[in-house]
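Everything on this sheet refers to the single structure shown next.
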């Protein structure tokens, strides 16, 4: 009787841990962006944050959702993608509003201009929505046509996680161009690192598709590189680039 009771407790604890891990996986990905969002809102300055981070996460999570139709993976990962897309759109909305408000004579730039020089630097949030919808429509249609091809499905999954693995690269490049990490939330990067480490372990333990595990580890390496930038640029400060060059970086 005691043994049965003990087994029930162990089973309950395992279920609790599994439920907690799933919740952490679903919502943990958006937590790092909370301090960055608050910093931008408080300072009304978005120059230190690369909006290309949002672009890469939107692409990665849209592709991951499409990958799910060809290769079902755990539901928490699917919900994580949906919540991350909403979060990135909110980040883009704030960054766009702040950037336009800080420009003296903002020239209207829109998605329908199809000007590559100003890609992802449009003046209205609706243009970002149009771009995301266009990308989703095109990739969704291609996926619908090739969903029966195992090779296409695996490539789609790889592109999804590989794009997410390069998430920190735009921020890494922006910091390098500015020779500074000013304006970037260090809390965000620390949360990236801890979250990506947890995520990589989650992928391995739950036997997620191999693409997830490999690219999760790559993400951790990029996070560590950004943290090294924080140390180097604070310990050995260099002459900052001009505002014009900074704005040009990304």
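Along the chain as shown, residues are numbered 1 onward.
Glycine residues also receive a Cβ, built from the backbone N, Cα and C atoms like all the rest.
Keep in mind it's a predicted model, so treat the numbers as computed, not measured.
Listed features, source Swiss-Prot:
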DOMAIN    14-80  domain 'PQ-loop 1'
DOMAIN    149-215  domain 'PQ-loop 2'
TRANSMEM  15-35  transmembrane segment
TRANSMEM  49-69  transmembrane segment
TRANSMEM  72-92  transmembrane segment
TRANSMEM  118-138  transmembrane segment
TRANSMEM  151-173  transmembrane segment
TRANSMEM  212-232  transmembrane segment
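Within its own chain, the transmembrane segment (72-92) is flanked in space by residues 22-23, 25-27, 29-30, 33, 36-37, 51, 54, 57-58, 61-62, 64-65, 125, 128-129, 132, 206, 208-209, 212, which lie at least six positions past its ends and keep a Cβ under 8 Å from the stretch.
Counting only same-chain residues 6+ beyond the ends of the transmembrane segment (49-69), those with a CB under 8 A from a CB of the stretch are 36, 40, 77-78, 80-82, 84-85, 88-89, 91-92, 95, 120-121, 132, 135-136, 139-140, 143, 147, 153, 156-157, 159-161, 163-164, 166-171, 173-174, 183-185, 250. Taking Cβ pairs closer than 8 Å, the transmembrane segment (118-138) reaches residues 51-52, 55, 58-59, 62, 89, 92-93, 96-97, 100, 106-112 in its own chain, all 6 or more past its ends. The average pLDDT for the domain 'PQ-loop 1' (14-80) in the predicted structure is 87. With DSSP states grouped into helix (H, G, I), strand (E, B) and coil, the domain 'PQ-loop 1' (14-80) comes out at 51 helix, 0 strand, 16 coil.
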